[in-house]
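A.B. asks: Please see the structure below; I have some questions.
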Amino acid sequence: MTDNVVHLFKDPPADTDDRAPAPDAPAADPLPLEAAEVRPVPVWRRSGRAVGRAARDERTRAAGRAVVRHGSYVVGGTRIVARRAWDGRTAARYERMIRAAEAAGNLEAAAEWEERGRQYRAARHQRRMDLLTSPEPLVKNAAYATGGTLAGLLLLGVALAVATKEPGDVVTPLMAVVEFIELMIVIVSVVWGPAVAVAPWLALCGLWAVGRHQQAAPQWALPAQQRGSDAGAPITPSVVVTALRDLGIAPLRKAIKEMGDVGAAMLSPIKIAGCGVEVDVTLPSGVSTQEVQGRRRKLAENLARHEHEVFITIPTAARTVRLWIADSGALDEPIGPSPLVLDAELRADYKKGKAPWGQDLRGDAAALSLYQRHMLVTGLSNQGKTAAVRALALWLALDPTVEFRIADLKGAGDWAMFDGIATVLIQGPTDDHVIQATEMVESGVTEMERRLTAPPGTAFPPLIVLVDEAQVAFMCPAVDEEKRPYGGSKATSRYFMAARKIHNQGRAVNVLLWQGTQDPTDQNLPKLVREGAHTRASLALGTESQARMALGDKAVDGGAAPHLLRQGLDKGTLVVASDGIDIPAGQASITVRTHYIDTEAAAEVGARARALRDGVTTLRVIDTDEPTDPLTDIAHVIGTAPRVLTQDVLQRLATTNPKAYGSWTHADLKRVLEGTGAQPYKSDGRMVVGRDRIARALANRTNDGSASAAQ
Ligand SMILES: Nc1ncnc2c1ncn2[C@@H]1O[C@H](COP(=O)(O)OP(=O)(O)OP(=O)(O)O)[C@@H](O)[C@H]1O
């Protein structure tokens, strides 16, 4: 019969699993390795993997998060509503505020809250006592009200009956009220059932809404846009308090925990300040302002900002730190061009004016008074030091009474636009340039000493002696013929001693030293020279110890942190310590983002400054080995001015060629010019040398020369 069976499938598969091999069957070959590995995986393991895959699937996780989130909203909302109700019914709020004030060490506020709590309790007690005695008047009042209403309705009915002449109308108003009440009862009896059914759901929705509004769910369960994307999030009191709490300062954490919800009592109102916000934090007792300052990076990260976007300063109020928190990325936006470039009519006033330098972090204009202040600007290389000092010099150049003597010891042409403005312009990095720069500073000392011996009441035009890249001078190994070094910081070091002398006495007679220096060390910027400057400003620096050199301990202890500026990114941003700039009360320094005036724009401003001046001749120091021709040199130092004071001629000659003219007196000048027809003469009561007379003397000499040559 089996032969007659027709299989409905082709070659049925051999079911090797279920059937044991026949005892007499030949032993099967052992399975090759590959075959062993593809053995089916047990069902339990496959199901486990499938469950794991499903659990890891993003859709499952999103669904899980949604369930937890919405559940948490309800639970959190219930907690919040319950606490609000509890706060409303009890004195818990006052207790909490007292604890917060105590934790913050503010005993005055604690006493005030205690008093408010006492008043609240007294009022509550009074209400309860009133409740005990209230039923009798309540009943009475209800009886009066009912009687009054009935009487009123009847009166109305009587009036109606008189009007309609229907005696039955007396009760019409009364019946209308009865019918209305009946209708209400019907409505309530109809609505009551569904209302009772719906009310719990409405309450649930309300609690959910409260929880959702307060984001009362774990961070990980929140929607993606609220979770972890707090970079640049607005700064709210709770964000600041949480950031402070998580700063890792145990007493601060403990105090904030004790304050609970009212930790924000430590904060002043958060104010918009430029491209960021500002808030003062009164620290609880036991927490020092220094501890908070020392954790700037952590605080910034807790506030979802970069370190350079948070500034911590110490205002006047005790135990208080002032936080300035930039809007995310705002500090990387450039500030606008300088008013010097924008306003072609701008003029400077050395004494009363302020140089428009840039903006402070609040976005307010930062202007610096340069009146009688020595200046030191430091920073790492290529951070904008020259541009910052030059911006100030360009502004001051718009006051034609100011004389500049400039040595640029880099010599890359950054100061070339001062040709025709400065009376001395040295540009170059070699030892020879340092020697000339030193002699230029020494000529400043000579001028200062002359002024110091002038009769009291003499007015002195400002003289700015400016050395850019002054570290080159301090590091110069050259020595003069008396073996005195030009560089270094010994008592015999010529640059150092000249700088110190100007620092010590130059201010009162308007002889001021401005120095720009790079990457300060004790060697390239000696302590006495750093301390002598009234205005100290620093661009990005490498270390805190350099910041201390640049700005002084007081400024750094007060929060100045140029070492935290970002090299390369914060170009042109300076931390400034000076009484010439408005610094918020209690702060020791201010951060200024300077306007950048590039070399081209600087040349334009320079041209305007030159036009305001009366033909200044810039001396590029003459090679001292050249033979001297006094008449030509005098003509050169007079330049295009019609006449120059003999004193100034002597001084310019000494600057140009100190070897030849350094020791010259009025008598020498007179001797040389005698018989040339260009002798010094009196003009407005002062001895001067006239340009035209010198030119004539030179021309006569040439003619004489050519005449004698012709003979
Ligand atoms: N206020 C500014 N804003 C933006 N960028 C600036 C500013 N000032 C300078 N820079 C940029 O920094 C570069 C270097 O400026 P600068 O030559 O003034 O630096 P430096 O510190 O004097 O350099 P070095 O010490 O090497 O002489 C400029 O070419 C410019 O690109």
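Glycine is treated like the rest: Cβ placed from N, Cα and C.
Nobody curates TrEMBL annotations by hand; they come from automatic prediction.
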A.B. asks: If you look at how TrEMBL annotates this chain, which of 1-31, 32-62, 497-527, 621-651 comes out as region 'Disordered'?
C.D. replies: 1-31
A.B. asks: So what sits near Gln383 (ATP binding site) in its own chain, CB-to-CB under 8 Å and at least six residues off in sequence?
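C.D. replies: Long-range Cβ contacts: Leu539, Ala540, Gln567, Gly568, Asp570, Lys571, Gly572.
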A.B. asks: How many other Cβ atoms sit within 10 Å of the Cβ of Asn382 (ATP binding site)?
C.D. replies: 13
A.B. asks: Taking the Cβ of Thr386 (ATP binding site) as centre, how many other Cβ atoms lie within 10 Å?
C.D. replies: 22
A.B. asks: Under a criterion of Cβ-Cβ distance under 8 Å and sequence separation of at least 6, what residues of the same chain contact Gly379 (ATP binding site)?
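C.D. replies: Once residues fewer than 6 apart are set aside, Gly379 (ATP binding site) is near Lys385, Gln518, Asp519, Ser538, Leu539, Ala540, Leu541, Ala550, Pro562, Leu574.
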A.B. asks: Please report the number of other Cβ atoms within 10 Å of the Cβ of Ser381 (ATP binding site).
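C.D. replies: Ser381 (ATP binding site) is surrounded by 11 other Cβ atoms within 10 Å.
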A.B. asks: Using a 10 Å cut-off on Cβ-Cβ distances across all protein chains shown, tell me which of the binding-site residues (Leu380, Gly384, Lys385) has the largest neighbour count.
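C.D. replies: Max Cβ neighbours within 10 Å, all protein chains included: Lys385.
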